[in-house]
Amino acid sequence: MSSAARNLRAEKVRRIFERFDSNGDGGLNREEMAALVVAVNPRVKFSDEQISAILDEVFRTYSDFIDEPAGLTLHGLLRTYDDGAGDVDRDFDALSLSLPHSPSPSSPSATSVAAAALSAADDPSTSSIIDPSFPPKRASAAPWASSSPNHGIAFDSTWPLLDDLEILVKRLRSKQIQKSSSDNNNGNNNFDSFSEAGWSREIDHADRRFHWDESSADYTVFVKELTALRGRADAAGRDEAFDAHMAIGRSLYEHHLFREALNSFRRACELVPTDVRPHFRAGTALYALGRHGEAKEEFLLALEAAEASGNQWAQLLPQIHVNLGISLEGEGMVLNACEHYREAAILCPTHFRALKLLGSALFGVGEYRAAEKALEEAVFLRPDYADAHCDLGSALHAMGEDERAIQEFQKAIDLKPGHVDALYNLGGLLMDAGRFARASEMYTRVLAVRPNSWRAQLNKAVALLGASENEEAKKALKEAFKMTKRLEVYDAIAHLKMLHKKRKHGKGSGSGVDSEGEFLVVDASKFKRIGRKTTLRQDLANALEIRAFQRLTRLDHCDIEQLKKEMSETNVPLSYSGSGAPVKSIRKAGLEMILQKLLQFLKAETFQGSVKAVNEKILSVMDASGSGRVDLGIFFAVIAPLCSGPTDRRKRVVFDALLWRQTNEGRGTLVRRNDAISYIKLLRAVYIPSHGVSDMMELHGESDPSMISFSEFLEIFNDQDWGFGILSTLVKLEIGDRIRHGKHTCSICQYPIIGSRFREARQHFSLCNRCYSEGKVPSAFKQEEYRFKEYGSETEAIKDKCTCFTLNSKSTESDP
């Protein structure tokens, strides 16, 4: 299409736009768009449902061109015509519109007037920021090509290449459109229902892609033709070639041809390695391809180039930080992402997206108050930001402010009725509050949008159980199992069936099982042990909590030798704390990078959960002042007992960590007694916070300057009352994960017993680890005290039974 024809087309679209922009706010809202659709189709009788469906499709497909609350912008309407959604000439004639002075398409005056009018109306501030040395913009250019000189097209020679590229892409799309339509019909087009992944407007539609079949012969032909097009670009001078490759890359990106877009951006990087833009664009393309690590590296290069260029790229810096943060989140590095979101918000205080992302990331690492503050600022700047309202609701729920949380979730749902995250999270809140019927409704609404969500189906089943809708709950559980085949769903179904059978048969089995599921919680003083090998109830409760944390963080899969290796290879300079003692401190973001090396076997999402648990349980205690820095040596010593490996080796690495963190003054085998005691105090504060360890320093002496050896340290560490003697119980739980007890089930929870079995001597009922630690006993066996013996395996139980039988036999034989 010639430049004159392009500009004439743009002027016609402008006339149509102005005709229906009745309130003059620069956008077409749903009412105005409905009027346009009806007016240009005078012979068609649309129903309200048809009009609503058409508008839903337009506003979803062209969401990047929606300017709330005005509606679809002029560029958006122009894009709909460019994409073939309507015929400009036909609509223009149907509305009986006319151009000023009725010039011919080839009239220079008409094209110049149209181009000037379009440019001025699109961006009122354009005249103050555009360098007049740049050639005039094409009227029908995409917004990225006409918004500013930093992102637009600088050379006229680039336009013919873009025109030819559009022809190639449309040809390829027409050949693959049938397959694309089939994919959409299979339910892959509900991209608007989830919260945003976090990408800026430049990357917003990475999940809304047209799925190209890159293995087809048509695509191979397209790549060959595209290569020839790039050859034409390279034939020009360096600056023109750079401009052409950037424009080609951006056009390919907008068509979701991310792999080919990346090739263009990388060619631009080769031409001008110090320019920020190609690195930035390459990063967006890499992220869209799921290559988060490479995207991060490109954004780091863009950041380095931007910071080295002074103020030239000051406006792009916040966006670089935002996209770099999102790339880091893609790798599971949430604490590092927070640093960049925070920097973006500092550089641009009105950047509501950066504040939302910061709040979401802070929520992701368990810093709920800070998350609340950032998210409240985001919704203040953008009240219609549904995703921010949703995440603010989650943060408030985590802090126990449920009424406010419900309001925020409801705001998100009002703004976007099909907002899956808001519906799902509100369902969880309602279920926590015991409002099971209402929670079930929320999960039903989730399934209406996402029918294959097994988690929503499973939670719906739990909510139905809570509402005593047992038959409906069974159906929901079976549906969930069909969707996922996950073992935990199968176990839930089996458990439900077992409870049903026991209720049906009543108490007549004589097995000592409380078939009604009722129990008593007994005071700890009434639980007596048979033999010293039986674990104390409170010790087991503490060990179970530590074990749960160990599993959540996956530290039990981190080999203790790997921790020792990382410690020896990490070089952290000494710094001075407020007390004046030199320590090897590190920022939390730096600690996260070390933790990623230790847990490199985890996927990004799982690693995020691990970081959150570590931040909430360990770093919150180590950095109580909120400085953002922690003592790395102490951190190594705190996680060492939870790593995998022999118990003695774990203790040795703890001692080595304390040696590593201090200035040894020539005594490389001794640590300060004060340091050892402070470490034990911190260790107990982290893992056994209920034991009141604040007085330990006074009991053991604060000012002892002496040095202690490893053997002396072990005496402190192994102390059951003031040390970390609970480690032996923790190791027993680690081993017990693989131990089953035949058909024995817990008399309280009815689940098969895994790990230790605690058998009551008089009534002969059995408890699992959890129910024993919580002091639960069947209500049918109420007595003054309960005497338990612990069996680590069924073999031990059989041996004990045989021993008792032998003793009874001897007693009988000796009886006169």
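Every residue gets a Cβ built from N, Cα and C, even glycine.
Just so you know, TrEMBL annotations are computer predictions that nobody has curated.
Positions annotated as domain 'EF-hand' by TrEMBL: 8-43.
Summarising the annotation, TrEMBL assigns region 'Disordered' to 99-118 (among others).
The compositional bias 'Low complexity' feature in TrEMBL is assigned to 107-118.
Residues annotated as region 'Disordered' in TrEMBL: 123-147 (among others).
What TrEMBL records for 242-275 (among others) is repeat 'TPR'.
According to TrEMBL, the repeat 'TPR' annotation covers 352-385 (among others). Under DSSP, residues within the repeat 'TPR' (352-385) fall into helix, strand and coil as 27 helix, 0 strand, 7 coil.
For the repeat 'TPR' (386-419), residue counts in helix, strand and coil come to 27 helix, 0 strand, 7 coil, using DSSP. Annotation source TrEMBL lists repeat 'TPR' at 386-419 (among others).
As annotated by TrEMBL, repeat 'TPR' applies to 420-453 (among others). Mean model confidence for the repeat 'TPR' (420-453) is a pLDDT of 93.
Same-chain residues lying 6 or more positions outside the repeat 'TPR' (386-419) and placing a CB less than 8 Å from one of its CB atoms are 190, 192-193, 195-196, 352, 355-356, 359-360, 363, 366, 368-369, 371-372, 375-376, 378-379, 425-426, 428-429, 432-433, 449. Same-chain residues lying 6+ beyond the ends of the repeat 'TPR' (352-385) with a Cβ under 8 Å from its Cβ atoms: 68-69, 198, 200, 318, 321-322, 325-326, 329, 334-335, 337-338, 341-342, 344-345, 391-392, 394-396, 398-399, 415, 608, 611-613, 615-616, 620. Each residue in the repeat 'TPR' (420-453) gets a DSSP state, and the totals come to 27 helix, 0 strand, 7 coil.
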